[in-house]
Amino acid sequence: MATLFIADLHLCVEEPAITAGFLRFLAGEARKADALYILGDLFEAWIGDDDPNPLHRQMAAAIKAVSDSGVPCYFIHGNRDFLLGKRFARESGMTLLPEEKVLELYGRRVLIMHGDTLCTDDAGYQAFRAKVHKPWLQTLFLALPLFVRKRIAARMRANSKEANSSKSLAIMDVNQNAVVSAMEKHQVQWLIHGHTHRPAVHELIANQQPAFRVVLGAWHTEGSMVKVTADDVELIHFPF
């Protein structure tokens with residue numbers, strides 16, 4: 001058996017091929033797993049569990065079917081869907097996890113996270129993140145009418161796209177010191193995350209020992225997952 005990890009699907013109605021690929025994954029590979037972990041940015045945007053978007057209901061039902069089949073499903077918030085709440089988690093049968101979680105997997109201690117907190121060189125993003133994660137601001141935003149939230153979210157996405165276009169790729173990648181610090185804080189030799197859309201397996205030194213950072217790919221033209229078994233940790237790409 002295996003434990004599966006995915007991230008950065010950025011599901012939206014404008015990308016039906018990705019949605020179809022995810023549904024096939026849920027109906028196939030995911031049903032064979034010991035557990036499924038979604039490490040953020042499942043959706044391109046999330047403005048509240050009360051959004052009646054049919055795509056959200058469709059995804060909730062599909063994930064719930066996996067959970068009901070006996071495969072526990074877990075979710076860590078990303079930078080796009082950090083407002084996903086308890087209502088959607090309940091409807092989809094997912095367990096919400098904190099932004100950093102250590103798992104004991106087949107004899108390995110593995111730290112999992114979305115990954116945006118590791119991009120400490122991007123000071124502008126980190127300042128923005130600190131603001132939008134304030135509970136009072138989230139409560140205020142979620143109390144606004146849905147049409148207002150949609151407008152604000154659209155404006156924020158446009159601003160983010162414009163800001164990122166002028167940033168270097170290095171700034172938007174993880175900071176190596178932040179990676180080592182997180183792994184040593186949790187005393188782990190394995191880290192799995194998404195966010196950067198740069199799938200790879202990186203070797204490093206943490207806790208004065210060899211360590212590994214596995215980065216999930218985004219679902220653009222193909223799927224990406226990390227498959228952890230008793231024998232191996234594999235980064236796998238597959239057609240939709």
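Using the three backbone atoms N, Cα and C, a Cβ is placed for every residue, glycine included.
According to Swiss-Prot, the feature Mn(2+) 1 binding site maps to D8, H10, D41, H197. When secondary structure is read from DSSP and collapsed to three states, D41 (Mn(2+) 1 binding site) falls in the coil class.
Residues annotated as Mn(2+) 2 binding site in Swiss-Prot, with sequence analysis given as evidence: D41, N79, H114, H195. Secondary structure at N79 (Mn(2+) 2 binding site), as computed by DSSP, is coil. Sequence-distant neighbours of N79 (Mn(2+) 2 binding site): residues of the same chain at least 6 apart with a C-beta under 8 Å from its C-beta are G40, D41, H114, D116, R129, H195.
As annotated by Swiss-Prot, substrate binding site applies to N79, R80, D122, S160, N164, K167, H195, with the evidence given as sequence analysis.
With respect to their backbone Cα atoms, R80 (substrate binding site) and D8 (Mn(2+) 1 binding site) stand 9 Å from each other.
Summary: among the binding-site residues (D8, D41, D122), the fewest other C-beta atoms within 10 A of the C-beta are counted at D122. H195 (Mn(2+) 2 binding site) falls outside any helix or strand according to DSSP and counts as coil. The secondary structure of N164 (substrate binding site), as reduced to three states from DSSP, is helical. Here the binding-site residues are H10, H114, and the one ringed by the most other CB atoms within 10 angstroms is H114.
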